[in-house]
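Novice: Below is one structure. I have some questions about it.
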Amino acid sequence: MAPTRSEPWPLEPSPAVSSQKQNVTNAMTDDMYGKYCPAEPATLQLESNFGPMDPEAIGYLQPTTMDTPLEEMRRRFAHDGYLFVKKCIPKEASLECRRAYFEHMRPSGLLKEGSDPVDGIFSHADSRKYLPPGNLRRLFGLKDDPESDRYVELMISAHEAPFYLDLCANRELRDFVSRFTGWAKPHMLQRTMLRAFVPDSELTPVHYDQMYLRAGPPTSLTAWVPIGDVSLEGGGLMYLERSTDIGRKTEGDFAKHAGNLTDEEMVSAFNKNMSDGGFLSRDTVAYGKGVRRKWLVAEYEAGDVIFHSPYMVHASCKNKDPNSKIRLATDLRFVDPEKPYDHKFVRNEAIKTDPPEIYNLRTVLVSLAACSGALLFGMDMGIIGGVLAMDTFKEQYGLTDKPDPVIANLSSNIVSVIQAGAFAGCIISMWLANRIGRRLSLIFASILIFIGVALQAAASGHIALIYVGRFITGIAIGIASTVNPLYVSENAPRGIRGLLTGCYQLSIVTGMTLAFWINYGCLIHVSGHAQYIIPLALQALPAISLFFGMLFANESPRFLAQKTPDKALAVLATLRGLPADHPYVRGEMESITLQLEEERALAFNGSGWTLVKEAFTVKSYRRRTFLCITLMMWSNLTGTNAMTYYSPTIFKSVGLSSSQAGLLATGVYGIVKMISCLIFILFVTDSLGRRKSLLWTGIVQGLALFYVGFYIRFDPPTVDSPPGAAGYVAIVAIYIFASMYQFGWGPVVWTYCAEIPAARMRALQMGMATASQWLFNFVVAKGTLSMFATMGKGGFGTYFLYGSFCFIMVVFAWFFVPETKGLSLEDMDELFAQDSVRGKFVPTRSVLVNEECDVKIVEDQRFDHVDRV
């Protein structure tokens, strides 16, 4: 009977199973299980880190053919702790990956000159730069070695290459795991690296997987996949015979003595209760003799896969291949997503397991201070529409004695010039943030805001000064709108990163709401020119908060890690409220450092122009570039910013003719948006699917706008008369429109555009998305008033146009926007590489989210704890 989801996995051995071992009936005559012995152990020249392997301590892994009945496979796995499956995946798939990998690595000088890449013959010209292959340059004194740098960069960038992604997504492998385990939709957790082991390279000491996965139950299944043939002399993965009991006992003993450990140490192999820095032993030979068990080895062929239990003890031999062939392999871990597993692999579980000290007031205050930039953006959007509706402003700037189209053009110029500045600020922001840092960029933006606001408030009827002031303010907003989310996300703990980053959108709508009520208060309580000067001047308040907040805030640890790692560690420890030597802080710092290494590798040998070309010529990248640009376009063509910039005019068109009533309705409009955004961030952001949110909110927005358009066309309000029942319904429709935007085409679009780019393209494609946002924001701001003046009485055609855009974008989302909810960032590569993205997508692999760093340093010894075989 196949295991069900309620039964434990891995399969546990039992006395009954053990007693059956001698009565195995092979399903096929070519099944060598129990008979496999490719060579006499005495003839082998196997070597460990501590010297030659004793022939008497060597045995052989027993292979299983694909035709073996599943029940027999499960019985063997339960008894042996492993299942060595011959021809599990197509041989061609393995060899093609091997060939492509070594073609990719050729510029590093790794291969012997003139050799066939599929053979992977090592060049001994300068072996130092390849030893050990699994560790990064900084751990082995290679920091200033350009050739070693090039090797490491190529090695890391291979993980984004199609040949490796194709191997990870192999359908035959996934289907076998599903049949063997009985899991309906197994997830693949790619948590280690592609590793090429050159002759005589350092090996992995003795360990078992669960010691690195103990933050969850032993529910994983590991597949070690040799990429190409591996001879007996070439080493490879070797197992301690029937050793799952050792893993279980070790975990049991660990649990008994874990009372003196922190929560972080209890789920880590790197703590004071584990010997040899997280390994059972570094001396493979001595360990095998000590427990009186043999090490089982095998000769692997391309297409073979060996599966093992998380308790199975294993290590590897040195590569002594007589032809100097490089041993290439990867290990893949599968889990049943419907059962518990190590929380480090689970999204949104970090807050339950991370040290509570990291969720502290300092982190929140730093994030809120940075979000002052978004508050300014919201205040400007809200204030300018109200100011344009004030009679004192109109008189001062000549907006009363001109034809309506001219007034509409001047008003739209005043509004839209800030978007032009923001577009420019967006373009320079990423260079600025990487040049002077996130913190100083935000301080610079706040200074520009002071200048821009001062020019606006002091313009005294000179419209040119208004233009200049708003353009400068726009540059500042463009910088802040790009750097702010970056700064917050780089400071925030992983468990509340989404919440704190979401405060950016909340700050925008909060700024709008404040602006609406400032306008309303000034209209009824202030007279003369001060009526509009005060709202314009109050835009400086968020700039003051941003300036002084950033003055006393820390720089982003991630930015500091690029230049001064020691200072980055100190800042990170302060942010997390933990000592610098705490395991959590060390692990997060290692993760930051490794991510920077990967980003350098992904950018290796690729100019900016090359990336731009790839963004439009590689199918998977082209689809995502298209979506990033068009989704931001549609987000603006909903008309939401038209509603915000010109809300008093909007409400006047539906019957609220007095300035006071229009500004009051505008204030309520802001409250509706703010509450809707708050509800979405706190309760909805991770529960609704992206695609579903875009579809149904787009429909409701379109219906709301069409109702307003029909009302103005067929039952227009009467001047100086309160709106009737249909008019009040139109006002409610506008509020519904605003609320639905906060549940769909507002925050969802930003989330979607941030998560779909490939790592190699993330900065470029997100930059394109942001530029698209400001460009179409400018188009809407510039064109809306002219449309109100020319598209029918009361501008009813404007509502039909924006409503039509809402319906068109629903059709667009239906055909072109795939669901990404629950997918890792790395799953996006597989999703967008499909021929069609419309169908239901089940990833064949799921990359680790928020995992701890694989590379550790313990007692000044350098090693990599993963299965480096």
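For all residues, glycine too, the Cβ spot is worked out from N, Cα and C.
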Novice: Can you check which of 1-22, 243-264 TrEMBL lists as region 'Disordered'?
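Specialist: In TrEMBL, residues 1-22 carry the label region 'Disordered'.
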Novice: Who are the chain neighbours of the transmembrane segment (726-753) in space, where the CB to CB distance is under 8 Å and they lie at least 6 residues beyond its ends?
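Specialist: Tertiary neighbours of the transmembrane segment (726-753) are 502, 505, 509, 627-628, 631-632, 634-635, 638, 640, 643, 650-651, 654-656, 665, 668-669, 672-673, 676-677, 680-681, 684-685, 688, 690, 693-694, 696-698, 700-701, 704-705, 707-708, 711-712, 715, 717, 765-766, 769, 809, 817, 820.
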Novice: State the non-local partners of the transmembrane segment (364-390) in its own chain: residues 6+ outside its ends, Cβ under 8 Å from one of its Cβ atoms.
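Specialist: Contacts of the transmembrane segment (364-390) (Cβ under 8 Å, skipping residues fewer than 6 from its ends): 399, 411, 414-415, 418, 442, 445-446, 449, 473, 476-477, 480-481, 483-484, 487-488, 491-492, 500, 503-516, 518-520, 522-523, 531-532, 535-536, 538-539, 541-543, 545-546, 549-550, 553-554, 575, 641, 644-649, 652, 659, 662-663, 666, 670.
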Novice: Rank 410-433, 499-520, 532-553, 694-714, 774-793 by Cβ pairs under 8 Å to the transmembrane segment (440-459) and hand me the top one.
Specialist: 532-553
Novice: For the transmembrane segment (694-714), which stretch among 410-433, 532-553, 774-793, 799-817 has the most Cβ pairs under 8 A?
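Specialist: The stretch with the most contacts is 799-817.
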